[in-house]
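**Student:** Shown below is the structure under consideration.
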Amino acid sequence: MEQTYQYAWIIPFLPLPVPMLIGLGLLLFPTATKSLRRMWAFQSVLLLSIVMIFSMNLSIQQINSSSVYQYVWSWIINNDFSLEFGYLIDPLTSIMSILITTVGIMVLIYSDNYMSHDHGYLRFFAYMSFFSTSMLGLVTSSNLIQIYIFWELVGMCSYLLIGFWFTRPVAAKACQKAFVTNRVGDFGLLLGILGFYWITGSFEFRDLFQIFNNLISNNEVNFLFVTLCAVLLFAGAIAKSAQFPLHVWLPDAMEGPTPISALIHAATMVAAGIFLVARLMPLFIVIPHIMNFISLIGIITVFLGATLALAQKDIKRGLAYSTMSQLGYMMLALGMGSYRSALFHLITHAYSKALLFLGSGSVIHSMETLVGYCPKKSQNMVLMGGLTKHVPITKNSFLLGTLSLCGIPPLACFWSKDEILNDSWLYSPIFAIIAWSTAGLTAFYMCRIYLLTFEGHLNVHFQNYSGKRNTPLYSISLWGKEGSKISNKNFRLVTLLKMKKNGRPSFFSNKVYKMDENVRNLIQPFLSIPNFGNTKTSLYPYESDNTMLFPILILILFTLFVGFLGIPFNQDVDILSKWLTPSINLLHKNSNNSIDWYEFCKDAVFSVSIASFGIFIAFFLYKPVYSSFQNLDLINSFVKIGPKRIFSDKIKKAIYDWSYNRGYIDAFDGTFLTVGMRKLAEFTHFFDRRIIDGIPNGVGLMSFFVAEVIKSVGGGRISSYLFFYFSYVSIFLLIYYFLNY
């Protein structure tokens, strides 16, 4: 076992040859490298598979022995300062390594087909392999200096992949936004690292935690300064994991290719922030104020992410806000001290979210056959619907991922989210109410995404579709969608969402209608599809190739069974608790993972009931338009005009505006922060040029003019210069004399 640990340093470096060889190949043999470009996908998958096998071997050894291994090389600069580089293998490292490699392999296999048409195929795989190297280096780091180095490399790879299609202005802007937002957090992280080094004199985790605990127990530190340094460290995690208020980059990051969205949201970029807080938990747990602050940021992000996901029309942005909310749950759990629950949810969410993103990529891929390559159209749920019969495998996989994220048993996220929800009652009833309510919102918006994408009819085939924003069909609102006009005058249909001219939503039309015939028999799709600039379009979408479906099917298995790793029914079968034994013993010395069956069933029934209610509301608001009901008296009974109806419409409109406009946070940033920074820059530029530079320039200019005047008066004679010189000296002496008299 010791010998296995000794070679663990190679984990981050195994995927590194791929980007290096691609770069050398493009530099020395560009034609041959491009002609054999599909070969690099196999090499990337092979090397990452070796890392996965090695990581699993380490994990099995840790489960059996509950050990932590650390190896350090010291680089002594002088007697007072030395840099230490090494690697740390503990349960957190092994969990993250398996997560990164398994999801990474699935994404690489998927990308081989998804990116096959792209001219940047080689560049994409070079970035992806370097991304894996950076993230693996981050999770195996043994000190804060290494953490920061790989932290920046992870960010750099994310920026490169977000702006992968850099010729598109929207993608370039999204890349810049991600970079600038994360600069704020990264600068805070750097200051926090330097602050704790100033306090403890060490960057190594084992020394840092021990020295800091001794200082705290002896009351030898300034708690205000310590809290400030901890907040600065946490700022890095806030930006990386898209927590409020530095979350604004995450939805715009969807401008990158869909496979990288899956990797970023499941196991790399956003998971890095959760990993950092989990790694530094021994540091944070002895500072009560910072733990409260972490949980506060987490619960705000939980609710904010869920509300912002309610009205998104872009399928990837809806999933992005879902990720933001679920990361909030993890951060809430860490702030509450529920280390096991947070990591459990990190695992289950990673596979479920990877499944959803790869499923959305399959949908987008199939929609491009209809609308051509245009992300605004191919990712727009307004133009989707009715995909069930065209992409059945993608539909079923997406449904499983949706139900998992909703918290429906026995799927993965049910087990982990339920633990966090139950722990929240013990921490704060207010936080618990918000967390449980958000569970219902999660079920609603995820079911909404599923229904808009797969149920009903294919909206791109509807009559009068032009792709313009002001058309009624384009403007699908928060709560439902609008059907095409039917030429049959006897046709009656309840319009669940009647869009007004200004695009504002209302739930129901102002009239009560009666359905005389079967909707599915009456609505006929119109196949007149406009030309979107891609000549290779077809009338209907089709299922993706097997290369793209294989990773989706594997992720279905993870979504079905990975949750059973952490079911605490029996200590002997609770693999996750055995896995995390060293960390749990460090953080929670008196922890007891035994579970009360009655309490578990009671809480599970309550959580499933809330999720089911959210799903029911989503079906109620969306499904009836496409159902085969002969009589809609139940729905018509809700359609009544009155003061209550008007008031409810105003509430719905406010919710829609809040959600669709991203909580006005981007508008606030653009109006106040961006404009304020520009005005501050203009003021500093004016102050620097006119005041700072103006004073010495003015003195020099004045001296020049005085010299010119004296030169003209003196006439070039030395006697005149001497006369004026002594005259001025006499005048200054007289002035000095009278002032001091």
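Residue numbers in this text run from 1 along the chain shown.
Quick reminder: no glycine exception, Cβ is built from N, Cα and C everywhere.
From Swiss-Prot, for reference:
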TRANSMEM  9-29  transmembrane segment
TRANSMEM  40-60  transmembrane segment
TRANSMEM  89-109  transmembrane segment
TRANSMEM  125-145  transmembrane segment
TRANSMEM  185-205  transmembrane segment
TRANSMEM  219-239  transmembrane segment
TRANSMEM  258-278  transmembrane segment
TRANSMEM  283-303  transmembrane segment
TRANSMEM  327-347  transmembrane segment
TRANSMEM  354-374  transmembrane segment
TRANSMEM  396-416  transmembrane segment
TRANSMEM  718-738  transmembrane segment
**Student:** Please work out which recorded stretch in 125-145, 219-239, 258-278, 354-374 has the most C-beta pairs separated by under 8 angstroms from the transmembrane segment (327-347)?
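**Tutor:** Against the transmembrane segment (327-347), the leading stretch is 258-278.
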**Student:** Between the transmembrane segment (219-239) and the transmembrane segment (396-416), are there at least three Cβ pairs closer than 8 Å, leaving out pairs fewer than 6 positions apart?
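**Tutor:** No, these stretches are not in contact.
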**Student:** For the transmembrane segment (258-278), name the stretch out of 89-109, 185-205, 396-416 with the most CB-CB pairs under 8 Å.
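**Tutor:** By the under-8 Å Cβ criterion, the transmembrane segment (258-278) pairs most with 89-109.
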**Student:** For the transmembrane segment (185-205), what are the same-chain contacts with Cβ under 8 Å, counting residues 6+ beyond its ends?
**Tutor:** 72, 83-84, 88, 142-145, 147-148, 151-152, 155, 211-212, 215, 221, 225-226, 228-240, 246, 276, 279, 283
